[in-house]
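Here's the structure we're looking at; comments come further down.
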Amino acid sequence: MTEELKTYAPPPALAATAHVSGMAAYEALCQEAENDHTGYWGRLARELVSWKKPFTKVLNDSEAPFFKWFEDGTLNASYNCLDRNIERGLGDKTALIFEADGGEVTKTTYAELLAKTCQIANGLKSLGVAKGDRVVIYISMSVDGVAAMQACARIGATHSVVFGGFSAQSLRDRIEDTGAKAVITADHQIRGGKQLPLKAIVDEAIGLGGCDTVKNVLVVKRSGAEVAMTAGRDLWMADVVSGQPTTCEPEWVEAEHPLFLLYTSGSTGKPKGVQHSTGGYLLHAALTTKWTFDLRADDIFWCTADIGWVTGHTYIAYGPLALGGTEIVFEGVPTYPDAGRFWKMIQDHKVSIFYTAPTAIRSLIKAAETNDTVHPKHYDLSSLRILGSVGEPINPAAWEWYHHHVGGGRCPIVDTFWQTETGGHMITPLPGATTLVPGSCTLPFPGISAAIVDETGNDVPNGQGGILVVKKPWPSMIRTIWGDPARFKKSYYPSELRGYYLAGDGAIRDAKTGYFTITGRIDDVLNVSGHRMGTMEIESALVSCTELVAEAAVVGRPDDTTGEAICAFVVLKRPRPTGEEAKAIAKQLRDHVGKEIGPIAKPKDIRFGDNLPKTRSGKIMRRLLRAIAKGEAITQDTSTLENPAILDQLSQNN
Ligand code: WTA
């Protein structure tokens, strides 16, 4: 099917005033980086970041792929996000507009956010938390959450935020891996009108063992409901900060000092603790917020991601604050009290830049189609000027709806491709420069040498798909996998790729325009509602139900709303169940996975078989399972299959 793709040129008014104004300006920046890679990044690092001690060397590649950026410079991320804005006269400017699940709105100025951050920082110090220590933050979207991250940055403690939807087991694993000295949490989180426990899950996680490094658990009051407190370990945040000074001298850290660890799924069972630096990370957070979103002094910026994911780190906790922006922090969910919540909030707060995930757009399209009252046309969205998308490919139909019904046909959509490991945008349109093509993340951010190669690192021509790599290092790149440098090297810099960074995605460039389209992961990682899930992780969770499960294989299948859905094939230690029994066991297994990893990892489909399709050497043939999961007829070669009859059984078993 050849379809003439529509293109959308930047709106002239925006193009005229944008930070990167017009294609020639974009190309000039790319050329500057091409001519002098380190000169380019050095210039920007001096312009966007305030250094305590200026760096003299931009890049140290002597231990590649363990690159060091701005190595001899010192800085503090929280100073850059808070104090310097106040020094520039923005103390009374609103930094955060918090909207609670129930709709209450609280505004926090830069001066107030600094005071709060300093009190938490002093509180942490009083408990013995110091530079280099790790602090796990397990909290929902809140001013306290952002301030806790900033407070860690202020004292040089490395934070590791764990998404509030992860289970006790997942939280335990992360606490153990980081060796955290303290955990910051809340009594509960409130989402969609429901009160969900956080503190009780922290207790359960620590109770599972292996968390002996944790000296204190600091608990923010959210619900006010009673929770168990362990004497000598658990403290109310209010008590810890009360009486603490509202100033705190920043700890000036080296540029390479780890600002945070964030766990993400890879192709093996164990999540990876992605380690980010302070200097290089902060530079790209600020730079991409400035150029990709064209952030201006009077913008109201809303990134709907949770601070438990990288998007919430870069585009809530750091990027917009580093530029003195005003941003929304939203506690709730897009469908509560109804699926018009996002549109109502854009209208109420006069949001001008809106950044969300395709899965949210697709579910809100569905909601508007079934209930016209929540259609965006009923809201005044005229404040919007730029829209963004992140986390997974946005299909052209969803793109068009977003553009037309949310953006009123006037707002460019920046489809931003990046990853936890990249720290910030890698391939993305710039709203005042790039002509958009729905479904394409367009062109590399200036200075990012994204390319498509074959398995041995040779460039492939445009129009031909291949492996997405980044040829040169960039400041906000992953530094290592916490505690496992060998895995870092193996996962991201495999020897056959000549020192290129391996993103783990497939991609293709348009033959004419050179525009990039991401074709999906090339490893065993699924993308469900924009959340990364390793198939091995889910398989391990299933087989850990030892009384029931003998073997399990997990694959993804396309899903209209969530992008991909998790499909599990399970062999039980008892005869294959059918009918009601199969349903009951499937529910039991789903709940088990929810407990092991978190609700986001629960398989949508569970099919039972007497066996799994395997090669004669015993390898599970996942490509066949993928076809069955999709409901496709098997047309692939099955000659190496040990047990062909199993395919029929698994195909019928719905
Ligand atoms: C996918 C989220 C297509 C991709 C920031 C990547 C995308 C993974 C896009 C990273 C996009 C992210 N178009 N695919 N605009 N953005 N992805 O680490 O597969 O949670 O490797 O970071 O999401 O997911 P992560």
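Placement of Cβ uses the backbone N, Cα and C atoms for every residue, glycine included.
Curation plays no part in TrEMBL annotations; they are all automatic predictions.
Features reported for this protein in TrEMBL:
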type	residues	note
BINDING	Arg191, Gly192, Gly193, Lys194, Thr311, Ser529	CoA binding site
BINDING	Gly391, Glu392, Pro393, Asp415, Thr416, Phe417, Trp418, Gln419, Thr420, Asp505, Arg521, Arg532	ATP binding site
BINDING	Val543, Val549	Mg(2+) binding site
DOMAIN	26-81	domain 'Acetyl-coenzyme A synthetase N-terminal'
DOMAIN	90-474	domain 'AMP-dependent synthetase/ligase'
DOMAIN	537-619	domain 'AMP-binding enzyme C-terminal'
MOD_RES	Lys619	N6-acetyllysine
Densest Cβ neighbourhood among Gly193, Gly391 (binding-site residues), 10 Å radius: Gly391
Listed binding-site residues adjacent to ligand 1, that is, members of Arg191, Trp418, Thr420 whose C-beta is under 6 A away: Trp418, Thr420
Counts of helix, strand and coil residues, the domain 'Acetyl-coenzyme A synthetase N-terminal' (26-81), according to DSSP: 27 helix, 7 strand, 22 coil
Using Cα positions only, nearest of the binding-site residues to Val543 (Mg(2+) binding site) (Arg191, Lys194, Gly391, Thr416, Trp418): Gly391
Residue from Gly193, Lys194, Ser529, Val549 whose C-alpha is spatially nearest that of Pro393 (ATP binding site), among the binding-site residues: Ser529
Max pairwise CA distance, angstrom, over record-listed CoA binders Arg191, Gly192, Gly193, Lys194, Thr311, Ser529: 24
When distances run from the Cα of Lys619 (N6-acetyllysine) to each of the binding-site residues Gly192, Gly391, Arg521, Val549, the nearest one: Val549
Closest of Gly391, Trp418, Val549 to Ser529 (CoA binding site), Cα positions, binding-site residues only: Gly391
Cα proximity to Arg191 (CoA binding site), best match among binding-site residues Gly391, Trp418, Thr420, Arg521, Val549: Gly391
Rounded distance in angstrom between the Cα atoms of Thr416 (ATP binding site) and Lys194 (CoA binding site): 32
